[in-house]
Amino acid sequence: MIGCAKPLAAPLQAWARPPSPAGRRLPPSFCAPDTSPALTRAVESPGQSQSDDAPPPRSGEAASSLAPRASSHLDRWSRSRALRSGHRPALNRAALSSASVSAPPVIKSPRPEDAAVAAEDGEDDDVCEAERDAAAGKAIYIVSDGTGWTAEHSVNAALGQFENCLADRGCAVNTHLFSLIDDMDRLIEVIKQAAKEGALVLYTLADPSMAEATKKACDFWGVPCTDVLRPTVEAIASHIGVAPSGIPRSFPSRNGRLSEDYFQRIDAIDFTIKQDDGVLPQNFYRADIVLAGVSRTGKTPLSIYLAQKGYKVANVPIVMGVALPKSLFEINQDKVFGLTINPAILQGIRKTRAKTLGFDGRQSNYAEMDHVRQELVHANQIFVQNPWWPVIAVTGKAIEETAAVILGILHDRKQKCSMPRISKRY
């Protein structure tokens, strides 16, 4: 006799109970738990048991009694995959291996009825590109009760350590962001789908009960998982001696009042858009940062990125034969930064830009190498005449990297610290 498996936490126990007979039946190809008698006993509540020689339930009844109600979107993912692949994907149940030894999982073949259901729902190969691409690489599920940007940026930074492998498709990875997951039903659906795809689950859930339920559910279905923020939150709580609130950023009462930081960012973005490309040079004195460089060195996108961080930014194009605004030399020179770039890279960018605008080589010398070099030499002469302007080479740099260099220099000049840093008070 195989004993009952240890029950999960309260939210998961509620899911594991069989629904009422009137409950809705799921489509035949829905990836429900194994329907073997041993696994059926494993999900019963403590104290219940069945004899080993009891007849196994019919597969349709087992799926109906054990499977929870799932969202139509995730359900359709499951059915479309089964129809395309010709079999139902096996579910990784490492946590239940001891309960499923005596009976192998049931693998269903697609039936005409399945195709009929798919036809009714209008499913085809274009239902979900993420589903189709999942077979091309390992899946990473990012689950958050907020926007998920924090976890997504953390994952992107971590994936940067595997660039060589990712570039040659030796270890292809697909990331899938699930944001605003704030109830248990949706959380369970996502984890079940992760189990089907053999995905890694990375989550940022402020509510401790949701985070604990995620860990237990992932253990139950054999899904590898990691809490991205919990170690940091616990370290800060220990350092300042205050317990965390457990309230996600998206919680209504938390967003009831707009912070001063929010209005500062809105004001910075509005200012930056109005000062783009040297417009209104009389307002340069109001800017926190002023960028100068030849065309296509990334002044505008860099300005917008910095504005989203709350900095008012103006940018000035350096053009041969056009004098720079007088106000540029009258403001505090600590906030002026020059941008330069490799001429070959700049030529390639300009060629693409010219093609987009419908220019060709006969109409403009904008993308000619000689002209590109002359402009860069002219800009360098201006930078030499103004040695207090830090000149940053943007070749091969992401906007975030260039912004980090600028902010590091800016804050170091303001604070006169022994070590360069970017400081912010909360």
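Just so you know, glycine gets a Cβ as well, placed from its N, Cα and C.
Looking at 94-124, 249-279, 342-372, the range annotated in Swiss-Prot as region 'Disordered' turns out to be 94-124.
In the structure as shown, the Cβ atom of GLY160 (ADP binding site) sits within 10 Å of 9 other Cβ atoms.
Highlighted in sequence order, GLU152 have their Cβ within 8 Å of the centre of the Cβ atoms of HIS153, SER154, VAL155, ASN156, ALA157, ALA158, LEU159, GLY160, the residues recorded for ADP, and are not part of that set. Every protein chain shown contributes to the tally, and the Cβ of SER154 (ADP binding site) ends up with 15 other Cβ atoms within 10 Å. Using a 10 Å radius centred on the Cβ of ALA157 (ADP binding site) and all shown protein chains, the other Cβ atoms total 10.
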